[in-house]
Each structure stands twice: as structure tokens, then as C-alpha cells.
Amino acid sequence: MEKKIGSRSFRDGVVKKPCSPKTLPLKKSSAFSGIQREPSRSCHSIYYHASQNWTRYRLQELRIRCVARKFLYLWIRVTFGRVTPSRARIFHEQKILQKVFGEWREEWWVSQREWKLCVRADCHYRYYLYNLIFQNWKTFVHQQREMRKRFRIAEHHDTKQKMCQAWKSWLIYMVSRRTKLHMKTTALEFRRQSVLCFWWSKWRWRLGQAHAEHALHAVAVKHRALSLQLQGWLRWQEQLLISQRDRRKEATAVQHYQHWQKQRSLKAWLKYLQICRVKRWQNEMAVQFHRATVLQIHFCDWQWAWEWRQSLSAHQALVVKLAGRMVLRRAFTHWKHYMLLQAEEAAQREAAAEHRQHYLLYSCFRAFKDNVTQARLQQTRKKLAQQLRDTTLLHRFWNLWQSRIEQREERVQTPSLHAALSHYRVTVLHKCVRVWLRYVHKRQWQQLLRARADGHFQQRALPAAFYTWYRGWLWHQQRRILHTKAVRFHRGTLEKQVFALWRQKMSQHRENCLAERMAILQAEQQLLRRFWFVWHQQAAVCQLERQQQAMAIAHHHSGLLRRAFCIWKESTQGFRIERMGRAQAAHFHSAQLLSRAWSMWRECLALRLEEQQKLKCAALHSQCILLRRALQKWLVYQNRVRSVLREVAARERQHNRQLLWWALHLWRENTMARLDGAKKTSQARVHYSRTLCSKVLVQWREVTSVQIYYRQKEAAALREARKALDRGRLQNWFQHWRFCSQRAAQQRFQLGQAAQHHHWQLLMEAMARWKAHHLGCIRKKFLQRQAAQLLAQRLSRACFCQWRKQLAVRKQEQWGTARALWLWAFSLQAKVWTAWLGFVLERRRKKARLERAMQAYQQQLLQEGATRLLRFTAGTKAFRQQLQAQQQVQAAHSLHCAVRHCAELWKKKVLGPGKTSQPPAPTTFSKRVTFKDSFLSGHAAEAGDATQETKKLRAPPSQGVLGSLAGAAGEPCHLDLNAARSSRKQPRRPSFLLERLGSQRSPEWYSLGEQQLEKPPEEESTALLGGSSLTRPFLPGVLPNVPGPKLPPTASPGLELLPPSSIMPHAAGGTARVSAKPSIPGPQPWGCPSLPRDLDPQLLPGDSISTRTEPVYGSEATGHTELEAELEGIQQQLQHYQTTKQNLWSCQRQANSLRRWLELSQEEPKSEDLHLEEQVKTELEEVELQVQQLAKELEAQRQPVGTCIARVRALRRALC
């Protein structure tokens, strides 16, 4: 195990899949295999050709492997803890697989359950169909068997009858042959005796032949007559069926024609209503347009007159003012007294007029009501005449009332018209201007509010409305699906009910058809039996008369009977085949006839209600004609009323215009006549007249507005009264028409039902009587002649009735089972639906719980990762300081000469070429060491590492820590280890720490990271390295206990050299460590910690030495302090640049993660994540602003950092 682990080394410092120490021997990844192959190549260069050094090299290699293995285990444990990423990944994959498998198992169980239910329903339906088919096939087989048995019995009986007939005919033939032989012998003997007897016998034989032919001809004529009668009966039956078919067709045609007439009349009525509406709308639009045009014309005339008057008033302003003031003063005094009197008279007149108008309207309404009640019993013409009389009276009253109002207004307004017109024009103009300004301001404000509302709607209300619309659309879709399902179920139930009714009616119709056919067949059999009885009597009479003719007649009769039986058999077989074919056609074409069942049922109802519809159509036609005439007359009346109103309005306008022009003319003449007298008196009373004029105008405006309001109110009341009157009249007409139509339809329907019931009762009574008579006749004849056949028929009928009852019971049972199965299927479907709904709800709850658990788990992981990362950074810092101290102690002896040489060169350059320093005393090596490490090489290496990490510059591998160790030991294998170590990368942060890292930043983390970094590494290194204190300050007599060869102590009896650490940067190692660390996204204080600026001086070994060594010369001390201050400033600048750069990287990664999260959330939008998305957007904006600021700072710091790096390089070159 040790060999396998020891053979592995670091390649690039990255372990992609780190494992615990227990699982390392079992898992060999490609990375470790590649790492394992590298030391083999490097070890080939390690070995020397000398054989005496092989053992030492081998021991050193094993030691290095043990140290590397130990550091690897420590790094894995510190980085990942007790649980490695591979095991965590495996556990996470197992959990995901278990979750996916659980969901899949639930979905599989639901799908299996649904599949089983579907298969069970299909199997049940197939079993039901198979059972139904099997039952039908069984009944069909039973019917076929019974038919075969009947055919066999009939054939057996036929063969027996044929055999009997053949035997009888053979016996008759034998008897006839014997008689013929006997007659031949006798005839021959007689011929021998006498020729006369021969001729006599021949004559007699011919006479018998003639009689036989005559009898046969008579029988043939009778048979011909019977056949013709039968053919006539069949033709009559066909004609009867054809006539019934024609009647049905005529009934359907009449029904269709009535329906078409109805539809046509309804369309005409609707068209007429539409035309009336259009005409009414056109009339209203015409009235409005006429009003608008008239108003515009009057306004234009008034505007023109006002402009003309204004032009005149511009020339005669003073004259008009003085005359107007005097006239207004006088007019106001007279008008005030006159208005007081007129107000009382107007109030009395208005009260009287209102009382009279109310009385007239009340009397008109009462008379109209009485006339309407009386007109219901009279004809329509009298109603129209009464209506015209009422309207003429109303027009007369209206004209009288209007003429009186006009006369009263003329009397009131004549004295004050000339003063009101000018003021009215001015006030109207001011009012128009104010209204227009208000309208403009209101419109501007509305536009501003509308713009704000549109912006608010687009920003806030539009997404909410879209979301509500989307939810409403989903709810509407679900409701539509449920509605379609309900409609389908209702349609299926209706189809089943209609099919059941149709099937019952078809069965009844089939039974009726079968009864009619059986009656026809029985009538035919009765006729055949009658003819047979008559013929049998005649044949018996002939047999009594002549036996020879009886034999021929019996033979012919038997032939006729055989033919009749064959015909009857063929007819019965044809009927049976036709019946079976119809049954099969009805059975196989039931699916096609199902869609036509409803139409057939409607046709049957239409045939029954044919007479009622005819009467209804006639009544409706007459009522439509009456309504049309009434509406035409009412429209003519309305047109006349409108024309009268238009004429009245035109006359009113013309009269007002004439009055206005007359008043203006009179006012002009009066003003021109009184100009001279008004000039003197108007100047003293200007102020008084103005005040009085304003008050008078205010009161006049109020009075005129009240009068206009009363006029408008009266006109509106009159219009409403007219509308109410017309509406009540139409409502009464419509109610009376509807009541009459309903009563007539109810009477017709009752009469039709009564007639149909009476016909049905008569038909049933006649059918019952015919059945009783027919059964009596059948009983009598069957009891007399065919008792055996009657018994067989009774038995067969009883069996058939029982079979039919059993078949009906079976059908009912099958229908009941089918109905129960359908109900069970629907209940099962409802249960499955509820179970599926519960499953979906439980699944959503489970998903929500899992999401909450995942969020809590992610937060917990983030906290744990942050704490572990802080601990790791503190441990790595302590470990690196310890390792640096150990390597410096081990390399002190090997690099002591180089340090001395560098110090002497530095002294020469600092003191100048003229100054000479004292030669150093010879150093003797002893157990005591003055300073323990070559700080020049260590700090130079660290500075080189820092510059290498900041500017990606290549440095020789001997400047690293392991390189100095290898140089001290004299082993070249350490060079490769140092190169691998220097090129190693730090461990990556897990992926779960990258999510939403910027949202959890707080100042507490910064303080926590600084506190953990500022802790002494002694407390954390005791657990890692077994309590060995590696971070103690380097005192002169104390050395840390580290593995490795001990160096011999050196004594310095003379002047001690100044340490190189005094001129090197104190925190170069820290800078190198910071630069060597990878940039991890997240906040800088705990994601990527940096060394604090105020470090403890005991932590740096160089500072501890420099504090002990005091400078000899003052110039050297001043030079050292200036150089140290410069290097500290360079260090601070580089450190600040590095921190800003790492902060920029972390902010950029945080912004990228936030953008990715936003893209993912926008791909699957949810209503709960809207607030969270807004927070993330604001956070993203803050991070982007921070990125921009950091980028600007980096741009500003690039030039000073470049100068600092150039300065450090120059110092290194100078020291080397």
C-alpha cells in the first residue's frame, strides 16, 4: 500500500477526485495514474552512476514520499473533512437516483393502475359484447333448429300425404285398369256379338268424354275466378300500401310546407322589424342632424349680427353707452314693478295651467282606458278610429296649451327683450370661452393621466393582467373540457333513452305488422277453406252422380290443394325470410339508425300534429296580417305626429325670429331718437346704472333659466307621457293577442287530443270486436273440422308467447346489466379521477417540501463550506509558515557563503566605491547558530513567486523552497519536487458554494475571517502535526524539532554581518502565498483571505534577527530604513492590487451566477419567484456597479504596479 501511495506525486497540484485513505488503494483514477508515472521518469535522472550513494538516495526518496503522503492526507482531511467529494458525489447521485426512482415508481404504479383499469374495462366491455353476440347467436341457433324441425315435420307430413295420394291414385289406377280390361273384354265380346252395340258404346263413351270436359271446364272457370279474386285482393292490398305511403309523403310535404311558411313569415317579420328599427334610427339621426344644422345656422346668423353690431358699436360706442344706461335705468324701474306683478300673475296662471293640464291628461287617460276596454269587443277599425280621435284631442289640447304659453311669454318678454339680447350674447360668449378653456385644461390633464396610467399599466398592471388572464384561460380550458365531458355524457344518455324509445316503438310497430300479416294470412286461409268447402260439396254431388268424374275431380282437387299448399308454404317462407332479414338488418344497422331515430320520432309527432299546425298557421297568418295593418297605421300616425311637430317647431322659430328682428328694429329707432336727451343724464348715473344693470341681468338670467328649465321639464314630461301611452297600448295589444293565441292553441290542442283519443278508442274497440269475432270463427271452424291442428296451433302459440316473454325478460335483464355496468364504469372513472387528483396534489406538496429541504440543505452547506474554508485558509497559512521556517533552517548552512557574498556586494554598492568596509571576521562553525536561515534566498524565492503569480513571469525552479532544500542536500530529485510544488494549484471550491454567494455577504464574515486569520497558528497546528510548535519566534538558542539532518553550529566572534532580511520585504511570503492561491468566487475576506497589514513581528524570522543585530554605522542604518520603507510601500501596493483583482474576479463570477440564475428562473417562471427575481436583479445591478468601480481602480493602479515590479527586479539584479 505504501509503495502504491508513495509512487504517486503531484501533477499541477490538483486532485480531481480525491479519496479518503481507506479508498485510495482501491480506486485508481487516470489522474493518479498519470501522477504515478511522473516520478518514475524523474527518478531516472535522480540516480547517480556511483553505487555507494544508492542507499542514501533511496532513503531520501522514501522520506520524501512519506512526507508527501503525510501532507497529502493532511491536505485531503483539511480540505474536504471526513467526507471526500467522491463519496459525497456518490451519495448525492444515489439520493437523486432514489428520488427519481421513487417518482418513476409512483408514476409507474399510477400508469399500471390506469392500464389495469383500462384493460379491465375493455375486457369487461368485450365480454359484454361477446356475451351479447353469444346470446344472439344462441337464439339464432335455437330459431334455426326450430325452423329445421318444423321443416322436417312439414316435409315428413308432405311425404306422407304424397305417399297417401300416390297410393290412392295407384289403387284408383289399378281399379280403373281392371275396369278397363273388363270393359275391353266385354266390349270385344259385345263387338263380336253386334256392331250396333259397338257404335252405341262408342257414342256413349264420347258423350261421357264431353260431359267430363264440360265439368273440367266449369271447374277451371271457377279456379280462374278464384285466382283472379286472389290477384285482385293482392293488388288492392298493394294499392292500399301505396296510398298509405302517398298519404305519409303528402303529410310530410304539408308539414315541410307549413314549416317553410312559418320560417318565411318569421323571416319577413324579423326583416320588417329590422327595417322599422333602421327607419327609426334614420329618423332620429335626421332629427338630430336637422337640429344641429338649425342650431348652426342660428349661431352663424347670431355671430354675423353680433359682428355687424360690434362694428357699428365701434363707431357709436359713447352714444350707445349713454343711451343704454338711461334706457336700462328706466327699463329696470318699470321692469321691477312689472315683474313683481307678473310673477304673481304667472304663478297663478302656471298653477291654473298645470291643474288644467293635469285634469286634461287625467281625463284623456281615463277616456283612453275606457275606450281601450270597450274596443277589445269591437273591430280593429273602430279601435283605430278611437285612437285617432284621442290623438286629435290631445293635439288640440297641446296646441291650445302651447299657444297660450307662447302668448304669455310674448307678453312677459316684450318690454325686456331689447335689454336682454346684448347681455345674453356677451354672457354666452364668455361662457363659451370659459367652457372651452376648461375643456382644454381638462383634456390636457386627462392626456397626462392617461399617459401615466399607460405607463403604470405597462409596468405593473400588464404583467399582473396577463398572469390573471393566463390563469383565467387555464380555468376556462379546464371548464371547457369538463363541459365537453358533461355534454358527451348527457348526449350519450339522451341517445340511449331515444334509442330505447325507438326500439320499443319499433317492436310495437313490428308486432302490429305481424298481427296484420297474420290476419291477412288467416283471411286468405278462410277464403281458401270456403272455396274448398264449396268445391268439396260440388265434387261430392258430382261423385254421387258419376263416380268416374269424381276420380278425375278428386285428382284435380288434390293437385290444386298441393299447389295451394306450395303457394302457402312459399308465402310463409318468404314472410319468415323477410322477417328474419328485417330483424338482422335492424340488429346490424342499429348504429346507423340511431342517428335517424330522433328525426323519425319528430316526423311521427309532426304527422300527429298536422291538423293542429294547419290551424295554428292560419291563425298566425291572420294575426300577422292584423298586426301588420295595425303597425302600418300606427307608423302613419307617428309620421303625421312628427310632421305636425316639425311644422310647429318651424313656425315657432319663424315667429321668434320675426319678434327678434322687430325688437331690434324698435330698439334701434328708440336709441337714435333719445340720443340727445340721454347724453346729459347718463354721465352722472354711470356707476349706479352699472350696478343696477348687473343685478338686473343676474335676476333676469335666473328667471330665464327657470323658465327654460320649466319648459324643458314640461316637454320631457309630455314626451314620457306619449311614450308611456304608446307602450301601454302596444303592451295591451300584445297581451290580448298572446292570450287569444294561447287560448286558441290550447283549444285546438285539446280538440286534437280528444279526436285522436276518440279515434284510438274506436279503433281499439273495432280491433277488439274483430279479434273476438275472428277468434270465435276460428274456434268454431277448428273445433268442427281440425281439432288436431287447433291443438297444435294453440301449443305453438303458447310456446311462442312464453318464448317472447322469456326473450323480453332476457332483454330487460341485459339492459339492466348494461346500465349497471355503465354506472359502475362512471363511478369507477370518478374514483380514478379523485385518486388521480389526490395523487397530483400530494405530488405537488412533496415537490414543495423537497424544494424547501433543498434550500435549507444548500444554506447549511454554504455555512459549513464557509466555516471549513476559513479554517482551511488559517491552517494552510500556519502550515506554510512552518514549512518555510523548516526549509530556511535546513538551507542555512548550505547558503551561508552565498549570503555573505551577497551582503558584501550590497555593502559595496551602498557605501559607494570610495568607502571601504572592514573585512569580516572568520566564521567558525560550532553548535551555536547566529541566524538560522538564508533569508535572502527564502525571501527572494517568495518575491519571485509573487512576481511569477502576479505577472505570470517564469522563475528558475531553484528559487522555490524545495529547490533550496534540494540544493542544500545536494539531491537533484528535489528540483522536480520543487517545480511540481511551485506549479501546484490550490483545491477548487465545491459547486454548491458558488450559488448565491453574493447575497449572503455581511460585515460579520469579514470580521470573522480577520479574526481567524489573526489567531496564532500555534492553536491550529497542534492538531495537525502532533503538537509540534512550528510557528514560534526564532530565538538564537532554540530550534524547532523538525525531521532532517542537523546543521553544525557556527560562531561569530567578530563583527556580525547585517542580515539580508532587513532589506527584503517582510510580507513577501505572504504576498506569494496570496498570489499562489486561486481566485475563488465569493466575498474576498473569507473566500480568498489575504495577510493583514499589521503582522506580528515575531512571526517573521528575519525581523527577529534584525531586531537583535544593531547596525554599526549610522549611514547603513538610514539606508536600511529607507530601503525597508520603499519595499513596504511596494508590498502594500502589490497587495492592494492583488486584492482588488481578486475582488473583481469574485464580483464577475457572482454576477455570472446571478445572470445564470435569472435565465433559469425566466425559463420556468413562477408566481412565487417574482419578489425574489426583483431582489436578485437589484443585487445584480449593485454587483455590476462594484465591478465597474473595481475595473476603474485596476486601470488606475496598473502603471504604479508596473513601476513597483520594475523596481523589485532592479533590486534583485543589483543583489545578484
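One-based numbering along the chain as shown.
Glycine is no exception: its Cβ is also placed from the backbone N, Cα and C atoms.
Per Swiss-Prot, the range carrying the annotation region 'Disordered' out of 146-165, 1066-1085, 1126-1145, 1166-1185 is 1066-1085.
Looking at 240-267, 940-967, 968-995, the range annotated in Swiss-Prot as region 'Disordered' turns out to be 940-967.
Swiss-Prot assigns the feature region 'Interaction with CETN2' to residues 87-106, out of the candidate ranges 87-106, 387-406, 727-746, 867-886.
Here the repeat 'HAT 2' (148-177) has, by DSSP, the following mix of helix, strand and coil residues: 30 helix, 0 strand, 0 coil.
The residues of the region 'Interaction with CETN2' (617-636), classed with DSSP into helix (H, G, I), strand (E, B) and coil, number 20 helix, 0 strand, 0 coil. Residue counts for the repeat 'HAT 3' (246-278) under DSSP, helix first, then strand, then coil, are 33 helix, 0 strand, 0 coil. The DSSP breakdown of the repeat 'HAT 6' (1122-1154) into helical (H, G, I), extended (E, B) and coil residues amounts to 33 helix, 0 strand, 0 coil.
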